[in-house]
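A.B. asks: Sequence annotations record features per position, and here TrEMBL assigns active site, proton acceptor to Tyr26. Look at TrEMBL and you will find His103 tagged as active site, proton donor. Taken from TrEMBL, the feature substrate binding site covers Asn77, His83, Asp90, Ile104, Ser105, Arg114. Per TrEMBL, region 'Disordered' is recorded for 152-174. Under the heading site 'Transition state stabilizer', TrEMBL lists Arg21.
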Amino acid sequence: MAGSRYILLVNGPNLNRLGVRRPDVYGAETLADIRRRVEQVTRAYGVEVRAFQSNHEGAIIDFLQAEGPGALGLIINPGALGHYGWALRDCLEDIHIPAVEVHISNVHKREPFRHQLVLAGVVTGQVVGLGTYGYEAAARYLMALCTGAGDGTQSEASTQPKASTQPEAGSETS
């Protein structure tokens, strides 16, 4: 769609198996459930979600290079690529859009190899260990940041556009 406003929702290796793979760690929701949840947030702002999943780092990079430059922002769960995906890191650094990295489980409480997150230096923020709600939290943040509905620093960003709480120029506040 020419002129449409959109965010990207990207999921890496093994996330196509959400709902089946280790529900004790990753929950019972599927990628389709997560996409619907993110769309519920973005729809209020007239923002589309373009979703992509691949088990291959190169395919994810190709998608981001093609779709990233026109996107308002990115929600990415890189899966294990978050621990060693240096090429993905370089891609995110190059596309220059706000990006939130999501991990369903608290990777810092898991195996030591999961503690390093190589995308940390190039993403706007990270949501770790909140289950699949982390995607919704990331969507709320991006909507506040990218649509002018807020400054992106409010943790309680609403799914509905907010009226400005800033005083008008020249007005006094108590």
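Cβ coordinates come from backbone N, Cα and C, glycine included.
Note: TrEMBL annotation is automatic and uncurated.
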A.B. asks: Go through Arg21, Asn77, His103, Ile104, Ser105, the listed recorded positions, and name the one with the sparsest Cβ surroundings, counting other Cβ atoms within 10 Å.
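C.D. replies: Candidates: the recorded positions Arg21, Asn77, His103, Ile104, Ser105. Fewest Cβ atoms within 10 Å: Arg21.
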A.B. asks: Could you tell me which of these binding-site residues, His83, Asp90, has the fewest other Cβ atoms within 10 Å of its Cβ?
C.D. replies: Asp90
A.B. asks: To the nearest Å, how far is the Cα of Arg21 (site 'Transition state stabilizer') from the Cα of Ile104 (substrate binding site)?
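C.D. replies: Given the Cα positions, Arg21 (site 'Transition state stabilizer') is 12 Å from Ile104 (substrate binding site).
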A.B. asks: According to DSSP, collapsed to three classes, what secondary structure does His83 (substrate binding site) have?
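C.D. replies: His83 (substrate binding site) sits in a helix per DSSP.
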A.B. asks: How long is the line from the C-alpha of the residue listed as 'active site, proton donor' to the C-alpha of Asp90 (substrate binding site), rounded to the nearest angstrom?
C.D. replies: 19
